[in-house]
Amino acid sequence: MRTIYLSLLVFIIVLALNEVMAKKHSSTPKLRRSDFPEDFIFGAATSAYQVEGAAHEDGRGPSIWDTFSEKYPEKIKDGSNGSIASDSYHLYKEDVGLLHQIGFDAYRFSISWSRILPRENLKGGINQAGIDYYNNLINELLSKGIKPFATIFHWDTPQSLEDAYGGFLGAEIVNDFRDYADICFKNFGDRVKHWMTLNEPLTVVQQGYVAGVMAPGRCSKFTNPNCTAGNGATEPYIVGHNLILAHGEAVKVYREKYKASQKGQVGIALNAGWNLPYSESAEDRLAAARAMAFTFDYFMEPLVTGKYPIDMVNYVKGGRLPTFTAKQSKMLKGSYDFIGRNYYSSSYAKDVPCSSENVTLFSDPCASVTGEREGVPIGPKAASDWLLIYPKGIRDLLLYAKYKFKDPVMYITENGRDEASTGKIDLKDSERIDYYAQHLKMVQDAISIGANVKGFFAWSLLDNFEWATGYAVRFGLVYVDFNGGRKRYPKKSAKWFKKLLNEKKKN
């Protein structure tokens, strides 16, 4: 009970700070590079399946996203796939040149698991062409003075492991992921000093195993009749458990074998929106706290305490929530050097009666999460229906993590908004500039209060394959002409970042 009250107290403190800080800002903040700490890192981010292409080249094996998008095009909004994507596999030097031209300090990219290990696991052999590609990318970045931030897993589980034992549904994946991470550390760790084990494990769990709208597309039939298999009441928790253990094992390998010589840092990139109470009632405040427990805290709490959030323990009925052994708990506690925060949008949370039928991870918190209150959206909508713009949420999440989870070192590892694809080359993205200005100001506010934020990565450097939305929306600072040889055109927002970042060099 004490833990529940502590969580609610932290939540209320952040809400109170929100009210105080809300009075400080006008609509569009003016930013300077000097508003941020001298060592603050600015970068841009991508992921392997979304930008690389070359899906069937140089020995790469298929991932679950190749299968999901190529075999079932009806599951993608525009029927497309990432087989060519932004073609960064062939155009990586041009992309590094764009990063350098804009003035970014760092580049966050992910490594394609099946490009390194195309045949199940380590026993199937390492694909040297994959090693060579990432060595070339890393070396090109360093030659331009750009720090590589590498993500080991960004949703693209090898299809061979999905076939062998169900991917992250199988306990075997923990050791296979550990071995894959070991290969990455061994081959790239002499130059890569910032690692993220996983990107958004929450999205993997929610969209891949509850909603069924992302690979591998599993869910309960009552949630999505297009799912051919799955169980939204049990599978998400099994997958989440294995993701957490895989992270822990990878960090353990790094610390035991590589940290002393390579002197790098290992973290994880976690996503969550901020959840505001739907009303001022105590019930809705508790519902908002539960919504946080089942999203950000779900993956953060085990890394701090070695346990699941108490709200999850209390609300996931019927023995569906796995438990950590004493040995696993010890391994997980403190298994991060920094926490990546991916933020796009926020929601309201309203207390609702707990369901005893058609139960899933979504219903377990007994909280209805919605982007509207009394018919009014929490903020303006971007191109995607889920992306309602609420800049204060990024500050509130940073402060929440600071006060609840021992003041961790944090990076904003993704932040951005999209516009709809029109078929025309449109480089005037003033709405994106406003989005970044608003959110960066909120990050600066959080730092001024004491949040230990060390950097910010824009999503994304390039227009790319946006998962179930395909190419119907664009998140890039750089326009990619998918009908014209993947030619790149910097948008107005890229020039805005260049002006912001070049101030440092002038001074």
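Even glycines carry a Cβ here, placed using N, Cα and C.
Noted from Swiss-Prot: CYS219 is disulfide-bonded to CYS227, selected from CYS184, CYS227. Together with GLN50, HIS154, ASN199, GLU200, TYR344, GLU414, GLU466, TRP467, PHE475, Swiss-Prot lists one candidate of TRP65, TRP459 for binding beta-D-glucoside, that being TRP459. When each of the binding-site residues TYR344, TRP459, TRP467 is scored by how many other Cβ atoms sit within 10 Å of its Cβ, TRP467 comes out lowest.
A coil conformation is recorded for TYR344 (beta-D-glucoside binding site) in the three-state DSSP classification, outside any helix or strand. Taking the C-alpha positions, the distance from ASN199 (beta-D-glucoside binding site) to GLU414 (active site, nucleophile) comes to 10 Å. Listed in chain order, the residues near the beta-D-glucoside site other than GLN50, HIS154, ASN199, GLU200, TYR344, GLU414, TRP459, GLU466, TRP467, PHE475 are ALA45, SER47, ASN342, SER460, each with its Cβ within 8 Å of the site Cβ centroid. The candidate set comprises the recorded positions GLN50, ASN81, ASN226. Of these, GLN50 has the most other Cβ atoms within 10 Å. DSSP assigns GLN50 (beta-D-glucoside binding site) to a helical segment in the three-state reduction.
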